[in-house]
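Scroll down for the structure; my scribbles are underneath it.
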Amino acid sequence: MVLIRVLANLLILQLSYAQKSSELVIGGDECNINEHRSLVVLFNSSGVLCGGTLINQEYVLTAAHCDMPNMQILLGVHSASVLNDDEQARDPEEKYFCLSSNNDTEWDKDIMLIRLNRSVNNSVHIAPLSLPSSPPRLGSVCRVMGWGAITSPNETYPDVPHCANINILRYSLCRAVYLGMPVQSRILCAGILRGGKDSCKGDSGGPLICNGQLQGIVSAGSDPCAKPRVPNLYIKVFDYTDWIQSIIAGNTTVTCPQ
């Protein structure tokens, strides 16, 4: 555990040297230590880092492009430099995809469900987040969080996770920005039209939380981050709830939604 913790500290503090691009929170503030109990850190020794969400004691939900060799998973982390007594470390026992983790041809299949090698114990800083019971409404105010960059394009990275409030926007706005997106997809378009707040490099795989439920997974966005009228893309978790719950129930051959 000590070795894993030291490695995680180095990764979080040296994210600017990471080999893989992902998303981070711009324009937010330090998350309250008790508001991100479901937020997990995915990392390896090569410098890859992503976020994820604990959805029950045995499963984490994240983005497919966050798959990495020799993945380690940390739960209950708030500060990269100060250890929480209840932090827990796990390995992935099994990974489930709707699409090959290396295939980026389908915009809305960037989702990965991870079964942990051991169950997680709830604690002061660790608790699962509920899956959505319905999709978010247009205009909903939602919370995005992670250890991603807090400045862009010259990235700097925080010692603690940052949180920001953003809005669910019309899908057509994202489609106008990101050429090649289909007329309909299982993607949420979210951000602030005036810019200044959004996920950024390092936040990939982390949660978009609306009314206390996991509605989105940080998937893709602009570079530099948080540009005016350039919202980011989030996987629409509601459309995958049957797939997720079927796997958790033991049906690991369930068909991914088309």
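Backbone N, Cα and C atoms are what each Cβ position is placed from, and that goes for glycine too.
Swiss-Prot lists His65 (among others) with the feature active site, charge relay system, giving similarity to another entry as the kind of evidence. A sphere of 10 angstroms centred on the C-beta of His65 (active site, charge relay system) encloses 22 other C-beta atoms.
For Asp110 (among others), the entry in Swiss-Prot reads active site, charge relay system, with the evidence type similarity to another entry. For Asp110 (active site, charge relay system), the number of other Cβ atoms no farther than 10 Å from its own Cβ, over all displayed protein chains, is 28. Classification of Asp110 (active site, charge relay system) by DSSP places it in coil, neither helical nor stranded.
What Swiss-Prot lists as active site, charge relay system is Ser204 (among others), and the listing cites similarity to another entry. Ser204 (active site, charge relay system) falls within neither a helix nor a strand when secondary structure is assigned with DSSP, and so counts as coil.
Residues or ranges marked as disulfide bond by Swiss-Prot on the basis of sequence analysis: Cys31-Cys163 (among others). Residues within less than 8 Å, Cβ to Cβ, of Cys31 (disulfide bond) and separated from it by at least 6 positions along the same chain comprise Leu39, His78, Met145, Val160, Pro161, His162, Cys163.
Under the heading disulfide bond, Swiss-Prot lists Cys50-Cys66 (among others).
Secondary structure at Cys98 (disulfide bond), as computed by DSSP, is coil. For Cys98-Cys256 (among others), the entry in Swiss-Prot reads disulfide bond.
If you look up Swiss-Prot, you'll see Cys142-Cys210 (among others) marked as disulfide bond, on the strength of sequence analysis. Secondary structure at Cys210 (disulfide bond), taken from DSSP and collapsed to helix, strand or coil, is strand.
DSSP classifies Cys189 (disulfide bond) as strand under the three-state reduction. Per Swiss-Prot, the feature disulfide bond maps to Cys174-Cys189 (among others); the stated evidence is sequence analysis.
If you look up Swiss-Prot, you'll see Cys200-Cys225 (among others) marked as disulfide bond.
The domain 'Peptidase S1' feature in Swiss-Prot is assigned to 25-249.
Listed in sequence order, Met68, Pro69, Asn70, Met71, Gln72 are the same-chain residues at least 6 apart in sequence whose CB falls under 8 Å from the CB of Asn44 (N-linked glycosylation site). Positions annotated as N-linked glycosylation site by Swiss-Prot: Asn44 (among others).
Annotation source Swiss-Prot lists N-linked glycosylation site at Asn103 (among others), citing sequence analysis.
What Swiss-Prot records for Asn117 (among others) is N-linked glycosylation site. The C-beta environment of Asn117 (N-linked glycosylation site), restricted to residues of the same chain at least 6 apart in sequence and closer than 8 Å, consists of Arg90, Asp91, Pro92, Glu93. Asn117 (N-linked glycosylation site) falls outside any helix or strand according to DSSP and counts as coil.
According to Swiss-Prot, the N-linked glycosylation site annotation covers Asn121 (among others), on the basis of sequence analysis. Under a cutoff of 8 A between CB atoms, and with a sequence separation of 6+ in the same chain, the neighbours of Asn121 (N-linked glycosylation site) are Gln57, Gln88.
Secondary structure at Asn154 (N-linked glycosylation site), as computed by DSSP, is coil. Here Asn154 (N-linked glycosylation site) comes close to no residue that lies at least six apart in sequence on the same chain with a C-beta under 8 angstroms from its C-beta. Sequence annotations record features per position, and here Swiss-Prot assigns N-linked glycosylation site to Asn154 (among others) based on sequence analysis.
For Asn251 (N-linked glycosylation site), no same-chain residue lying six or more positions away in sequence has a CB closer than 8 A to its CB. A coil conformation is recorded for Asn251 (N-linked glycosylation site) in the three-state DSSP classification, outside any helix or strand. Among the features that Swiss-Prot reports, N-linked glycosylation site is placed at Asn251 (among others).
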Spatial neighbour of Cys142 (disulfide bond) that is closest, considering only the active-site residues His65, Asp110, Ser204 and their CA atoms: Ser204
Among Cys225, Cys256, which are disulfide-bonded residues, the residue with the most C-beta atoms within 10 angstroms of its C-beta: Cys225
For Cys98 (disulfide bond), the one of His65, Asp110, Ser204 that lies nearest, given that the active-site residues are compared by Cα: Asp110
